[in-house]
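To keep things clear, I will list the structure first and then write my remarks on it.
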Amino acid sequence: MPHRPHLAQLRRLLLLPCSSVPVPVPARRLSSPRAMASSSVSAAAAAAQAGGAVAAAEYEDVMGRLSSLITQKVRAHSGNRGNQWDLMAHYLQILELEEPIARMKVIHVAGTKGKGSTCTFTEAILRSCGFSTGLFTSPHLMDVRERFRLNGVDISEEKFLKYFWWCWNKLKEKTDDDIPMPTYFRFLALLAFKIFSAEQVDVAVLEVGLGGKFDATNVVEAPVVCGIASLGYDHMEILGNTLGEIAGEKAGIFKKGVPAYTAPQPEEAMIALKQRASELGVSLQVAHPLEPHQLKDQHLGLRGEHQYVNAGLAVALASTWLEKQGHVERIPLNRTDPLPDQFISGLSNASLQGRAQIITDSQVNSGEEDKDCSLVFYLDGAHSPESMEICARWFSHVTKEDRTVPSSMILLFNCMSVRDPMRLLPHLLDTSTQNGVHFDMALFVPNQSQYNKLGTNSSAPAEPEQIDLSWQLSLQRVWQKLLHGDKGMNNTNSSENSLVFESLPLAMEWLRTNARQNRSTSFQVLVTGSLHLVGDVLRLVKK
């Protein structure tokens, strides 16, 4: 294993105290059988603890190496050699993945919103039908292993480390100045191909990371079927400023002769998709949203009305995959009758964190002293104008019943600086207001992830002067303007309805303190704007 590099302050090496503190050795004496047994158990426990420290250190090492692949240039930067598409062919050769990928039975999904949910539904259906599955999605919320699911479960740490080192060492040996190491997402995509081929899954469901045409997952030349989830405005600095341009990039995953499905789209986007499909001779069909009666009184595993759109696309993709593999008897007879039981089982048991997820804060809501307190987080990683509206409608719907008791509606928000808050916050605020939700307070925080790229045990800088809050302050000004017009932009005393915190833990402590001091009030916190923020909140709540 290569020498461990410095982690450039992105990580703290996780070492348990037992790994460095010597254990006193008692004087030798005769032991009873019970004492000997106890000694054996203690020795085994000590060995396990030491082994845990070594494993934790190795995992931190791997996280540091992955972090080193995160480019400091924006994704659209043309001068970033690591992002040049033609390098992918070299990486595949180095890792000997061309043939394994060609044999893989792939379902490939692009889109602006809902592509992760669509992939999750699709994988769950086919796993319910008895097939071994691989699922590659992004981003992760708490641990990078979430991106790689085998048969519905995050890859084990042991397997992850094995395949990581296999890819890392081969690439390190063969890359140089002309062929640099792949950038972060491309390495993860290559790792996914290695994992799924080595594990010999029956089907690999791949979510596009960004765009389509030049995405790392698009090295698959002959997928079984392709899908386009709902399209909207996102990553416009890379994909284009119109829905037509964005749709054209997403349609880059279409392959000649490979059937494709799309969720219902705006007319401008549909025209671009049809044009690209026509050029390639692709049979492009619209997958209609699922109807509730098709589930035979079951509920979708992923909540929200919009998930019926994603589920409809997933049913079409899974059905086509089954048909192409010779399992016609398993697919639905038509698109109106109730689905086969295996489809319903998959759809109802699908799970994906951070999408319309509700979690109670156990620190506030447990224990005798806090029995009357209530702090509930409503998590949704919406980060486009359209998904903001969907998120607001979901939050309004699920909190409606709780409005009979005194409630405090709070927004916890952050978004990437490449996104325009004037395209996000108005959609969120207007839709919430139209559905009867009025936020009492908005909290703006930096993501923990900006200090801790991959979600381990590192924490945000302790010194306030190290933290740049200019973006969060600009978000607050936008919020104030939406509430109060131009005079709100210059309102220096905005603490009545919005606050900026130096870190997420400080905001969480503020929420918990208020919940404990106001026991008769139910604190309902909508966390949105960034999947990274959602993951950071999950990590803190579950710690």
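Our numbering is plain: 1 for the first residue shown, then up by one each step along the chain.
Using N, Cα and C of the backbone, Cβ positions are placed for all residues, glycine too.
What you are looking at is a predicted structure, and each value in this text was computed from that prediction instead of being measured.
Taken from TrEMBL as is:
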{"type": "SIGNAL", "residues": "1-20", "note": "signal peptide"}
{"type": "BINDING", "residues": "SER138, GLU207, HIS235", "note": "Mg(2+) binding site"}
{"type": "BINDING", "residues": "ARG355, ASP380", "note": "ATP binding site"}
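Note: the Cα of GLU207 (Mg(2+) binding site) and the Cα of ASP380 (ATP binding site) are spaced 18 Å from each other.
Sequence-distant neighbours of SER138 (Mg(2+) binding site) (same chain, 6+ apart, CB under 8 A from its CB) are GLY116, ARG147, PHE185, LEU188, GLU207, GLY209. In sequence order, GLY116, SER117, LEU302, ARG303, GLY304, LEU379, ASP380, GLY381 make up the list of same-chain residues 6 or more apart from ARG355 (ATP binding site) whose Cβ falls under 8 Å from its Cβ.
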